[in-house]
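Annotated in TrEMBL:
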type     : residues : note
COILED   : 10-37    : coiled coil
COMPBIAS : 329-349  : compositional bias 'Basic and acidic residues'
COMPBIAS : 357-366  : compositional bias 'Gly residues'
REGION   : 266-288  : region 'Disordered'
REGION   : 329-366  : region 'Disordered'
Amino acid sequence: MDPPASPTAEQGAEGKIKELQELVEKQQEEILALKEKYEPTTDKFRKAAGTYDTSDEVPVWVQAMEENIEGSVVDTTFNTDDYRSANRFKGLDYMHSSVSPARVSGYRLFETPNTNWFKVEGVVQFNKNCEGAKAWVHRGALCALMDDAANWAGYNVSGNLDLFSGFTRKVDVTISRPVRVDSVLKLVGQIMEVKRRTDVIIQCSLIDPAYGNAVHAKADCVFVMGESAAEMLEPMVAARQKNRSNSGASPPPRDLGEARSWSMTFEAPSGDTMSDPQFRPPNRVGRYGLGQKISKEVAGKIDERTARHYVPPSGSLIKNAEKATIKKKMQQEAERLAAQEEQERERAKNHPARLRGWGGNAGGSG
């Protein structure tokens, strides 16, 4: 029969067990801290780095924006992962995918009375993959957001979605204040005017409604429309310029139809689109826009417009051109005469009588 353990040995064993339990608890706390740091939950990911109601899953201003009945939802379903995988895209959308570092969840289209044009508004979520400096969003992500807002505003310049009707040519970004990782901000693309028939001037901004619409970044952008889109927009541009020249009376608001929820429905366009495996987009803007198929009738209209805007040279330019032509002809004539004289000298030098010698012939005949 073993002797009973001494009180000192029992205390040592209990102390060892307690020490191990404390070590396990400490390691579990470290694991939870690492999970919270590197695997943020959906609730943390979707909340803004500002004032919001902690009882809600999303910021208050986002919830109010979703419940707003004004405006219309812009169809961006072709940017979703399922649509792209089903239509033979090579990858996911850079700004609208479920794994995008700075994800734009959607856009709404509004008409602004002060500019008589439209604007798009979207919600942006910044996750840890867009981090530059510690805990701060990389500036390149902010620039990419400005480009995306300008693109979608340009696609909706007429008030209706016209995908790939042009491209953003200029994005001049000014960053006012940094953005924290895990923030949720509002992205705005405001159309200001249309210049030179094809250039859409757009002002984009990234604001935080939780802090009095504080501006984090803004950009002056230029969206270039294709030829067919510019032709369809000409009557609208003329009407809006006429309204602007009036006594200040604002045009009647556009009928946006029934309010639609954030659930987006989009029917894939048929024909020669990017979903067609035979479609090859051009590497530059051609004569008739972004690789669009133009009918002979439309091409004829474009050629007529080009001929109508052709300005012939002035009288002085015509005189200068005539003088240059006369001078060129005189120079060509001089070169021709010089070549002819050279040929005559060569023929005289190689003449048979010259080779025999005139003196020999005279002596022989005497």
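Cβ coordinates are placed from backbone N, Cα and C, and glycine is handled just like the others.
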Segment confidence, the coiled coil (10-37), expressed as mean pLDDT: 79
Helix, strand and coil residues within the compositional bias 'Basic and acidic residues' (329-349) as assigned by DSSP: 21 helix, 0 strand, 0 coil
